[in-house]
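Here the structure is laid out as structure tokens; the discussion comes afterwards.
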Amino acid sequence: MEKSNDSSEYGFILEGFSDRPRLEMVLFIVNFTLYSMAVLGNITIILVCILDPRLHTPMYFFLANLSFLDLCFSTSCIPQMLVNLWGPDKTISYAGCVVQLFSFLSIGSVECILLAVMAYDRYAAVCKPLHYMVIMHPQLCVRLMAVAWGVGLANAIIMSPLAMTLSRCGRRRINHFLCELPALIKMACVDARPVEMLSFTLAILIVLLPLTLILVSYGYIAAAVLRIKSAAGRWKAFNTCSSHLTVVSLFYGSIIYMYMQPGNSSSQDQGKFLTLFYNLVTPMLNPLIYTLRNKEMKGALKKVCGRH
């Protein structure tokens, strides 16, 4: 294949926020703080779920996996962005860009499916409480995670080569702070509509189909909650699902706005800040949401920390 793009030899330039030099240092401090909190929070959730036997249940198995995904999601691009914000060098190698794109596509897809799996888990807990452990047995939990990873990897294996091999006619500047699919497609100097439409079709399957399953699950949950006569029982059922529902709203809200628009019609600045939101802010908030609203998690944290 002819390397007319020069990008395979020299890499890319991530423009990011370089048009706002005064903002870069502020963003570095804010993003470094949020990233540190995301790493600490998600590692804490993973360790607590492993170390406390009381949390060896399907719900916390999926929560530990969500924390692992959030950790990988942020780490796939935030360290590179911090390096670029800190100094004048805005470059990323071709191999680094490939790894970033592949990680972003695969992990993002897995998280979409995992959130749907977690909604089904909450449906089983609220609507089928007596059969919960029979329905959500360990083998099923592992199989569901394997399916999620299989779909995520398949999406990345299909889309990454298509995006990276588009002819760019020597263009190396990416108007983003990471190698993201829409930004790479926009760089093409050939008709990229087939790739764009394939990306949109896969997004429907990977984003909207799981979201539909989430909404159906919560429809059944809402009906079951309304049948509970005691206010305490309704509150307990609501509290069981509220953390997951908050996380779903944060993640899917930004993802749908970003990717479910043919032609990626959102502005460049909107795109950058929305990407930053679901890539950094959401992974930082998830541990706080699940910890602050969950008595079992708070109790397990105190136990692991030696406080009784």
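From the backbone N, Cα and C atoms, a Cβ is placed for every residue, glycine too.
All annotation found in TrEMBL is predicted automatically rather than curated by experts.
Here's what TrEMBL has on this protein:
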- 41-290: domain 'G-protein coupled receptors family 1 profile' (DOMAIN)
- 25-50: transmembrane segment (TRANSMEM)
- 62-86: transmembrane segment (TRANSMEM)
- 92-120: transmembrane segment (TRANSMEM)
- 140-158: transmembrane segment (TRANSMEM)
- 200-226: transmembrane segment (TRANSMEM)
- 238-260: transmembrane segment (TRANSMEM)
- 272-292: transmembrane segment (TRANSMEM)
Non-local residues, at least 6 beyond the ends, that sit with Cβ under 8 Å of the transmembrane segment (92-120): 7-14, 59, 62-63, 65-66, 69-70, 72-73, 76-77, 80, 84, 144-145, 147-149, 151-153, 155-156, 159-160, 163-164, 178-181, 184, 206-207, 210-211, 213-214, 217-218, 244, 247-248, 251-252, 255
Same-chain residues near the transmembrane segment (140-158), Cβ under 8 Å, at least 6 residues beyond its ends: 58, 61-62, 65, 101-103, 105-110, 113-114, 117, 198, 202, 206
Mean predicted confidence [pLDDT] for the domain 'G-protein coupled receptors family 1 profile' (41-290): 86
